[in-house]
Amino acid sequence: MEPEIYRRMGLTDAEFEKVKAILGREPNYVELGMFAVMWSEHCGYKSSRSVLKLFPTKAPWVLQGPGENAGIVDIGDGQAVVFKIESHNHPSAIEPFQGAATGVGGIVRDIFAMGARPIAVLNSLRFGPLDDSRTRYLMGGVVGGIAFYGNCLGLPTVAGEVYFEPSYACNPLVNVMAVGLIEQKNIRRGTAAGVGNAVMLIGARTGRDGIHGATFASEELSEASEERRPSVQVGDPFREKLLIEACLEIINEDLIIGMQDMGAAGITSSSCEMAARAGTGMEIDIALVPRREEGMTPYEVMLSESQERMLLVPKKGAEERIRAICRRWGLEAVIIGRVTGDGLMRIMENGRVVAEVPAKALTDQCPVYERERRRPAYLDEVRQRDLSRLPEPEDYGRVLLGLLAAPNLASKEWVYRQYDYMVRTDTVAGPGGDAAILRVKGTSKGLALTVDGNGRYCYLDPERGGAIAVAEAARNLACVGARPLAITDCLNFGNPEKPEVAWQFYQAVSGMSRACEVLRTPVTGGNVSFYNETESGAIYPTPVVGMVGLLPDIEKRCGIGFRREGDLLILMGETYPEIGGSEYLATFHGLVAGEPPALDLEREKAVQALVREVIAAGLATAAHDCAEGGLAVALAESALAGGLGAEVELASDLRPDFLLFSESQSRILLAVAPEARDRVLDLAREKGVRASVIGRCGGHSLVVRINGRTLFNLSLEEMGKQWRESIPVLMAR
């Protein structure tokens, strides 16, 4: 076989030799394609698998960790929550609407493949600067695609984040998280047990869309990528809705042994993963696969990533009942093969063997690389900058208004108003707060959901940035009163074959692992997205954390908005002169430099525990974490959310701009009734947390004084205008 054939599929010379050694012969074209997709970074995790072992994955409440379609955690009363996050970065860069739409469809299938009813979607998005017309095109397409698929499915998109940085200009990030609820007795896994059992394909017909989508997602983007539009799948959310209902009915009737979504690598991945988990094999006749296009080759059928398809292994005798259920939902259900006991994936076409490969060779024997790691030279340059010598602002009101208008901090209502976040009627707190809250019907419980990440911090210090991503997600849950349970992560990085990127990846995972250990948030699964890189360079290293938390009593929840005149403002935690990597530094000084804020995880843990206790006791009327933009922006956001101003008096030796815009970690702003003040301060003392009364809610302006000097007095109207109109105005250009 000519080297350019397997190289074009993404295999190296050494990997091709390993394939030959496993088979004892040269692979044919179909077999080569199967190895290429399953040994891609997207499916095989060959550059990340050894590093991912750093993550803590076990806890008494974790029912399913990494290795399945999605993670599962116990929430009591025989119920569990199923959740996972994945990326659809490369497809969205080429075809933003369909790339993002099918990102939603794929992650939702992972949820109901476990037997759970999907209940919510979240997303984490990264684009280039909004003054660029292509960025506006990409953002419009991505948001439209997410809205289209989620709204048509009848799933609320309840939370998310959107950031804009030059490093994402050519390579946007589209990370989508889905969440489901399940009775623990209904949990199913993707396994193909029982020799002789049928293998059924249900759902959509198979076409040529998405062929080699997995290998496309395992290479750098270039001008030639525009020609890869056939690698972008096309989604049909209405068919997926039918598929959800049919699959859940099949599970409720206990008709199957296992079920797997046909995502990346299509029939190839779903079949070999199910067989490998069970230690079995499969014989599949691709002539039986329903097709929507004529003349498809065995290679195309095996590698197609056509959407809205599931692979099932029914219990013996259940095949006709499954067909009847699918007919009722307007879906095809076809037996395409059977489970075998020889461990081989035997692919037939009308009685002819077109591929024969050991199932575990495709999964367990994927090469694992220990990539060379090297600290990037740029870190010395960006950290040498003496930020204490920056000029102080003359007009602090102008600075705050400018920060509120900065796209990273401005209202994202332009985005989330396109999503139906109230559908299903379980959304108690939707977009715009620190975390979304969904009720668990029939109980007093609530689920709290968030996604968080900061690529700028990770660019300056990936270990600290990774830890902060976990800490901030948990802090956001604490602000609504929820205890964090576990995380799913989406790790977005450049080319791992470059030592600097491999170093960033290792450092970020190390930091995340450290935070997960201290905060007791095990990792239940996720996704690694490498090769987010173009000729102009790599993206910022961007680990994104999706976190699920539990509210034992949904009535004891908190929001970010100031609600009552006369309530006192208490700042939990301490402020240090930490503006490295801050929004203030980037927006007003044009710099991405310095070190990101320090993170003391034990202090973080104490602050979060304190705030949860205060909220559970009914002592807080508002809670908001101090994150990007610092204390000043947190105050403005809470004032705008509640439609109520505040007067704040700070006493400090810090420079005013550092005090107001520092992004020091482990800080939460609380509003409490005056009569609750002493009890809250006593609780803080007991937990060793610094708590300072800094002001009072009231009026229609935000007034901030430092050491008796008024820094700004801004009306809610002028702040709201800057904050709300920024992104709509930019998108309308």
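A Cβ is built for glycine as well, from the same backbone N, Cα and C atoms used for every other residue.
Source: prediction; values computed, not measured.
Per Swiss-Prot, the feature active site maps to His42.
Feature annotation from Swiss-Prot assigns active site, proton acceptor to His88; the stated evidence is sequence analysis. For His88 (active site, proton acceptor), applying a Cβ distance below 8 Å and a minimum sequence separation of six or more within one chain yields Gly99, Ala100, Thr102, Gly103, Gly106, Val174, Asn175, Val176.
In this view, Tyr45 (ATP binding site) is surrounded by 17 other Cβ atoms within 10 Å of its Cβ, with every protein chain counted. Among the features that Swiss-Prot reports, ATP binding site is placed at Tyr45, Lys84, Asp489, Gly526, with the record citing sequence analysis.
DSSP assigns Glu86 (Mg(2+) 1 binding site) to a strand segment in the three-state reduction. Feature annotation from Swiss-Prot assigns Mg(2+) 1 binding site to Glu86, Asn527.
Among the features that Swiss-Prot reports, substrate binding site is placed at Ser87, His88, Asn89, His90, Arg109, Gln233, Glu305, Ser306, Gln307, Ser529, with the record citing sequence analysis.
The feature Mg(2+) 2 binding site is assigned by Swiss-Prot to Asp110, Asp261. Around the Cβ of Asp261 (Mg(2+) 2 binding site), the number of neighbouring Cβ atoms within 10 Å comes to 29.
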Of all C-alpha pairs drawn from the ATP-binding set Tyr45, Lys84, Asp489, Gly526, the farthest apart lie at a distance in Å of 17
Nearest-integer angstrom distance between the alpha carbons (Cα) of Asn89 (substrate binding site) and Asp261 (Mg(2+) 2 binding site)
19
Glu305 (substrate binding site): which of the binding-site residues Asp110, Asp489, Asn527 is the nearest Cα neighbour?
Asp110
Cα-proximity to Ser87 (substrate binding site), 10 Å cut-off, over binding-site residues Tyr45, Asp110, Asp261, Gly526, Asn527
Gly526, Asn527
CA-CA, which of the recorded positions His42, Glu86, Asp261, Asp489 lies nearest Arg109 (substrate binding site)?
Asp261
